[in-house]
Each structure stands twice: as C-alpha cells, then as structure tokens.
Amino acid sequence: MYGIEYTTFLIYLISIILFNYILKSITRMMDYIIYKFLLIVTIASIVVNAQNYGINLPITGSMDASYVNATKDKPFLTSTLCLYYPTEARTEINDNEWTSTLSQLFLTKGWPTGSVYFKEYDDIATFSVDPQLYCDYNIVLMRYNSSLELDMSELANLILNEWLCNPMDITLYYYQQTDEANKWIAMGQSCTIKVCPLNTQTLGIGCQTTNARTFEEVATAEKLVITDVVDGVNHKLDVTTATCTIRNCKKLGPRENVAVIQVGGADILNITSDPTTAPQTERMMRINWKKWWQVFYTIVDYVNQIVQAMSKMSGSLNSAAFYYRV
C-alpha cells in the first residue's frame with residue numbers, strides 16, 4: 001500500500017516538474033518571438049522612415065498650436081483681441097499714449113482694459129515671414145498698395161485659412177499636388193521657386209531634371225510664396241533652401257478667429273486661386289480712410305460687429321510650427 005502511495009506521489013512530482021519545464025520552454029519561445037518581432041519592427045521603421053521616390057504621403061503636420069477652447073456666452077468679457085498694424089500707423093499718429101487712448105475707447109464697447117493687445121509689424125513682406133496670431137480674435141490691418149497687391153493676397157490666404165503641412169525633401173524626391181486644396185507654401189528671407197513638370201517616364205516636360213536652369217520660375221526672391229501647379233502631375237523643384245523653407249500643405253478650411261481689414265483700395269482683394277470664381281469672405285473687409293486715427297476709430301466703432309463675423313477657436317497660428325513641426 002505504501003508502495004502505491006509513493007508511486008502516486010512520484011507521478012505527481014514528475015508531472016509537476018515536467019509541466020514546469022514545458023511552461024518555461026514556452027515562455028522562452030514566446031520571449032524569443034516577441035524580441036525578434038520587435039527587432040524586425042525597429043529595423044523596418046528605420047528603413048522606411050523616408051518617402052519613396054515620387055510617392056505622396058498623407059499630410060499630417062500642423063501650423064497650429066493648440067489651446068484650451070474657452071468659448072463663453074459673452075465672449076467680449078472673457079476673450080482677448082489682437083490688433084495688428086503696420087509701423088507706419090504709429091509713425092503717423094506720433095503719440096506715445098495712443099494705445100492707451102484706444103484701450104479706453106474699446107472699454108466703451110465692452111472690451112475690458114487689458115483684453116486688447118496692439119501688435120506692430122514693419123511691413124507686409126516682413127509680417128509674411130513670421131505671422132503669429134495668438135489671441136482669441138485677431139484683426140490684421142493692411143494698408144493697400146498696388147505694387148504689393150499679390151503679396152497682400154497671399155498673406156491673407158495664409159492667415160485666413162487653416163493648413164496642415166509636411167516637410168519637402170526636394171533634393172531627393174519629386175512631388176505632385178493632388179487637388180485644389182493642396183499647395184506648396186514657402187517662407188523665408190528670399191524664396192525663389194522653380195519647377196519642372198514630369199511625364200509618366202519621369203522625364204522633364206520642357207525642362208531637364210538635371211539642369212535647374214531649364215526649370216520654370218514661379219517665384220523670385222519673395223518672402224512668402226503659395227505655389228499652385230497642375231494637379232496630378234509630378235514635379236521636380238528647385239528652391240533657395242539656404243534662405244527659404246518650403247512645405248507641402250493642405251488647406252483644411254477657414255481660420256475663423258482671424259479677420260483682415262484692407263485700408264484703402266477700390267475693391268477688396270480676392271484671395272482665391274480659382275480663376276472661375278471670385279468668392280468673398282465675411283472676414284475680409286475694407287476701410288477707406290487716409291488717416292490712421294480714422295481707421296482705428298472705425299475699428300473701435302465696429303469691433304463687435306467684426307467679431308460677430310468671426311468664431312473663437314482653440315488654435316493659434318504659429319509660424320514656428322511651419323519650420324519645425326513634422
């Protein structure tokens with residue numbers, strides 16, 4: 001009887017040892033499989049971390065810095081308003097207390113002291129290189145200049161819309177624009193853009209891909225360039241990258257917390273790139289006054305109506321994201 005019990009005990013003991021051995025073997029095998037899988041994934045991610053030649057990747061970057069949305073029933077009492085104006089306005093007014101005067105006038109329209117910020121920029125070209133719109137509501141004043149009409153139109157197109165952008169490696173790859181919302185946006189001290197359209201055999205159409213001097217020049221020494229080419233056609237690009245950054249961008253829609261007020265000019269600038277239509281936006285306005293005091297008085301008078309045409313947003317335009325965000 002004792003022999004049977006010892007035998008049963010030994011069988012149980014051997015079963016436990018065998019089960020433990022099998023379990024450890026399975027564990028080691030699973031560890032090996034998992035580690036090998038992770039190694040393969042790591043190597044593959046390194047290898048495919050670049051765009052294949054001529055293939056278009058989804059545009060995922062952003063020019064927006066996110067902030068908490070604090071929309072209230074009475075936005076004028078809880079929001080901030082930024083007023084962007086050219087240096088010539090301050091020079092003409094020539095009064096050290098002029099912003100304080102305007103702040104008191106904005107107070108009569110329901111905007112508390114400290115909620116309105118006055119932001120100065122040198123000129124349209126300089127503002128185009130580094131546009132940063134941080135307030136809940138942003139009003140940009142542009143003095144109309146017939147020689148700068150196209151620059152003003154491009155700047156308005158940039159700041160009145162939201163864009164998603166990806167970097168472009170023009171030294172290795174060619175690119176194509178997929179639709180009307182897809183544009184190439186370049187910013188910098190001096191941007192000269194040349195393009196060479198390609199056929200299905202990746203040969204240049206009217207140009208030589210190995211000779212940038214044969215490319216078509218679409219922009220010369222500009223600070224902001226929004227380039228539009230034929231959709232669905234691959235292009236080789238040549239850009240002055242030492243003084244310019246170019247991105248592949250997709251227009252998402254209107255940036256509704258920004259309004260542009262054109263000072264002077266017969267008509268409001270048309271910012272559309274579609275030649276078949278001439279759409280106007282409520283947030284593109286015009287004031288006809290010669291003196292800047294008159295301009296600012298009008299802004300104060302109509303500030304609440306202007307803001308009503310806008311919407312408070314949770315994102316603010318930050319051009320630093322254009323340069324550094326992937």
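For all residues, glycine too, the Cβ spot is worked out from N, Cα and C.
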Which cysteine out of CYS82, CYS165 is the one Swiss-Prot pairs with CYS135 in a disulfide?
CYS82
Per Swiss-Prot, cysteine bonded by disulfide to CYS191 (from CYS244, CYS249):
CYS244
Bond partner of CYS165 - disulfide, per Swiss-Prot - picked from CYS207, CYS249:
CYS249
Of the recorded positions listed as CYS135, THR214, ASP228, the one whose CA lies nearest the CA of CYS165 (disulfide bond):
ASP228
By a 10 A CB contact count over all chains shown, which of the disulfide-bonded residues listed here is most packed: CYS82, CYS135, CYS191, CYS207, CYS244?
CYS191
Among the recorded positions ASN145, GLN177, THR214, point out the residue whose Cβ has the most other Cβ atoms within 10 Å, with all shown protein chains included in the count.
GLN177
Same-chain residues at least 6 apart in sequence whose Cβ lies under 8 Å from ASP301 (Ca(2+) 2 binding site):
LYS109
